[in-house]
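S.K.: Heads up, here are the entries from TrEMBL:
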- 76-401: domain 'Glycoside hydrolase 35 catalytic' (DOMAIN)
- E224: active site, proton donor (ACT_SITE)
- E307: active site, nucleophile (ACT_SITE)
- 448-569: domain 'Beta-galactosidase 1-like first all-beta' (DOMAIN)
- 611-673: domain 'Beta-galactosidase galactose-binding' (DOMAIN)
- 714-734: region 'Disordered' (REGION)
Amino acid sequence: MSYSSKHSAMAKRPHVRASLIFLILILLTAFGVIVPVFALLPSLNSHSHRLFRHHLDHSELKKVHTRKFEIDDDMFWKDGKPFQIIGGDIHYFRTLPEYWEDRLLRAKALGLNTIQTYIPWNLHEPQPGNFTFSGIADIVSFIQLCQKLDFLVLLRAGPYICAEWDLGGFPAWLLTRKPAPTLRSSDPGYLQWVERWWGVILPKVAPLLYNNGGPIIMVQIENEFGSYGDDQAYLHHLVKLARGHLGNEVILYTTDGGSRETLEKGTIRGDAVFSAVDFSTGERPWPIFNLQKEFNAPGKSPPLSAEFYTGWLTHWGENIATTDADSTAAALREILAGQGSAVLYMAHGGTNFGFYNGANTGDSALDYKPDLTSYDYDAPIKESGDIDNAKYDAIRRVIQRYSGALLPSAPSNIEKIGYGPIYLQKSAFFFDLIHMIDSVDVFISEEPLSMESVDQSFGFLLYATKYVAKDNEDGHVLFIPKVHDRAQVFLSCSSTNKGVRPASVGIIERWSNRRLNLPNTRCDSNNLYILVENMGRINYGRYLFDKKGILSSVYLDDNILYGWKMIPIPFNNLNEIPRVDSFSHIARSVHNKITAKRGLEVKHDNISSEPTLYTGYFYVDKVNLRKDTFLSFAGWTKGIALVNDFNLGRFWPVVGPQCSLYVPAPILRVGKNVLVIVELESPNGEGVVHSVDRPDFSCGDSSNSNLSQLLTHQHSPHLRTSQQRHSLKSSLEN
């Protein structure tokens, strides 16, 4: 090539380069990435550069990170856009998995964009090292379903959750560790178990964090700790553990009551943990939100009521809790209208299936208040999923107005059906069944052992001993200083008249702790049986360390009784398989043998003060008739009910207010369904339970404000007249 040609080619090269640059810019613009490219180029002047950066810092810059949930300018930001949390608590462990989607769709129609749930440690680790994450405990599937339905998730990881759940979510076996751990504290003996548990659960949920592509935007540390203690070392240790498993991007948060005292004790100052608040519905929210700002870093305090109460819990012996729909909606309106965020507690309450209900106390441990089986909570989505109520409509109107979203149509209520009367036959007397328990499952000790000490967490424990009592015309006095929670006492002669059944002599309750008069039987030796029911461990307050069973010596006429046998009475519990064959299985086996010999015309001799198991059947003829139902226990006294081996929970209609138990359709079968009832005292005279199409919370004497007052006015075996004692004495001797 000649020099002149070379020079000509060099002269054309800048024009080619300019064309290429222009073409590249056009392509980049077409693919929507021109902004970040220009951000790399030098600005034309410093003033325009500052304006551009300021604009990016507050809106466009956040869009660069397309999967991020954060707090800035006292607001929540989702993928660079302001976000208002309008959430609700739905606990996966209080609803059958088959109904999770149904309840979530009802929450979606209510207008919620976020679901909050606790994690109950005791559900997932019923025995040390025995972890379960299937069925109703399949937390991963629940969170994934939330994401599928376009919900974000607030995860309350505990380890303490309260929640009106047995022991506040702690597994009962923690109470047997040596030395005894100090729950909810920086005690190393307690923290080693927390570290072990979080080392299992947090890696399971870490892939579901928002920054990892999942729906979890925040994870709660502990729960309302400011109402319990002020151990900052404990809280900081939990934060360190959580960060180690979850990383630094997820928002950690605490929730405490909206007072200065609770916030000072329960929050973690600085910007490492976001401090949310809760307060009574109807309380002025904005002064509390302003107080909340003092406990968050500047610009890091979006107003959030993490528990906006739509209703309230109910204990046995109280009126069913209800709250006004309009006032609830008005209180929510005041928060949302000011761009505050709120989480409905509860959006859907559900059910305390099995033995998992918790309990509360008053000023003393004797003022014991166990929770109902139902956790309806007067929430907008009822226990059975119904939404045809004023509260749901009122809350939905408020959310529709302030969220600006077009809400999906509200689904219809799930159809309920009453299958009619279910006639039950006596399957077995309680004391006949205990002889079928393997001797290796019987514990022997000089003094009574707690339920936890014999490796039993829930249900019933039978204590048995013998005594020789001197003849005393006035009888004898039995005293148990500490029994948790309700003891039924029985006597029989151990040396003569062996065919005579043990006779009920009275009841000793934790909340009354009275002395019990025993008759003079004139037996050579007496068998003393004490059946203790665990009615739910305390889940809140200073009496949290709540062992069950007989927790003291037992005194007869001021002398200690020694030589005890402890016999665990196993029943199926929610998501837990008994370590020995359950009583319900044994009872059905005995019942089947009886009916095989006698046919189905067995006449029921139902009247008995001895705990008795009853069995009945009802039929579902077609798949489309497998519907939700309720079992009405009007006329019965106290006990538990199982349908197809699923433990529905406790019934106690003489105390109330709950008269019926919810039976979700998924536990029913097409064809024959088996109902087993454990009646602890006196059955319905007709031996019938009615399957009905609606719940009933009108049982008991609701004029008394607490269980102790209520039971004082109930007819009870420990208020026997001298004539009744004479009759009992005769039955023991003959």
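The backbone N, Cα and C atoms fix where each Cβ goes, and this holds for glycine too.
A TrEMBL annotation is a machine prediction, not a hand-curated record.
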S.K.: So what's the average pLDDT for the domain 'Beta-galactosidase galactose-binding' (611-673)?
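M.R.: A mean pLDDT of 96 is what the model gives the domain 'Beta-galactosidase galactose-binding' (611-673).
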S.K.: Rounded to a whole number, how many Å is the Cα of E224 (active site, proton donor) away from the Cα of E307 (active site, nucleophile)?
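M.R.: Per the Cα atoms, E224 (active site, proton donor) and E307 (active site, nucleophile) stand 11 Å apart.
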S.K.: So for the residue listed as 'active site, proton donor', how many other CB atoms are inside 10 Å of its CB?
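M.R.: Excluding its own Cβ, the number within 10 Å is 20.
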S.K.: Give the number of CB atoms, excluding that of E307 (active site, nucleophile) itself, located within 10 Å of its CB.
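M.R.: Looking across every protein chain shown, the total is 22.
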